[in-house]
Amino acid sequence: MSVHDAGTERLTDATAGTGFRTGRPDGPDTSRGAGGGRRRRRRGGRGEQPVVPDATFTSYYGRPVVKPSPWEADIPAYLFFGGVAGGSSLLAAGADLTGRPSLRRVARIGALGAISVSFAALVHDLGRPRRFVNMLRVAKPSSPMSVGTWILTLYGPFAGVAGAAELTGNALRRGWLPQRLRPVARLLHAAGRPAGMVAAGTGPAVAAYTAVLLADTATPSWHEAYRELPFVFVGSAGAAAGGLGLLAAHGGDTGPATRLAVAGTALEMLAEQRMERSMGLTAEPLHQGTAGRLMRASKVLGVLGAAGAAVSAAVPQLGRWLRRPAGAALLASSVCTRFGVFEAGQASARDPKYTVVPQRERLERSGRATT
């Protein structure tokens, strides 16, 4: 026996009773197969247990993924007054065709005043009027901003002529105008109805396009509401215009205003419910913080205003007591809707989960669809 064989025999004898075989457990090696490869664990075994739970990515180091818009209170004011203008022009056309001069006057002048304030708020946000004029250099059907600019450009002059016809007509009847201005007043009076009809035709677009403008941004709660938000804004605009008519027109002329207020409130409520269901997680900001308080106030004021308008029409004895408070409630409801939607969007941009979680869910759905 050689020295090498004797050493090997002694090493084998020494390890035989210890349960170790040259550093490996005694018995069959279950971790490797006959060919030296690692065997798979038997099915049904527990396998390795994770020490760290699966990570759930909800933000980028806790920082917003989407930058909140730099817009301030000018923009929700622009949204509100634009809606009032569009709805009022539609109401004015109906009052004109049905022979309700008091309601027509209130609605036309209201539309003129509202679109003036809306335009002023927009220009203030832009910083200089020249920027609005620069947007007229090109017409881009794929750009909501470009389309909205042209809608305002088409609507504004006709709403202005219709409103000016009411103002100068009243001054002409009362003899307040100098002789040299009376031909101009008569011309405006003749153009009032055609201009009012054009303004009525473009009024719903003025009320709706601002919703498309918001939904075209990357702000989560605005973008996810793109299907229903235009209907919410149109309904809110109709309710506000009806409220203005109830607040300022003579009682005998307020029938169309009542119907528009009730129909607008119903459309707004139904569209908002459907919107919140379709938005998923991004609907949360509509129920939290400042936005939540504004949206709750909008619902309460809208229901009270529409109910008051309906009761005032059904019970004439209560009309003079309920009509004006109902109109004020409807206007306040529309203000709360526009500011509430605006605040919800800003809140959703500040919290990264409203960007990350919906994106991950969409990726998971697309992955399941392709498998």
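Note: Cβ is positioned from N, Cα and C throughout, glycine not excepted.
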Transmembrane segment according to TrEMBL, located in which of 75-94, 215-234, 315-334: 75-94
Positions on the same chain near the transmembrane segment (106-127), where near means CB under 8 A and six or more residues out: 71-72, 74-75, 77-78, 80-82, 84-86, 88-89, 91-92, 95, 152, 155-156, 159-160, 162-167, 192, 196, 199, 203, 206, 241, 244-245, 248-249
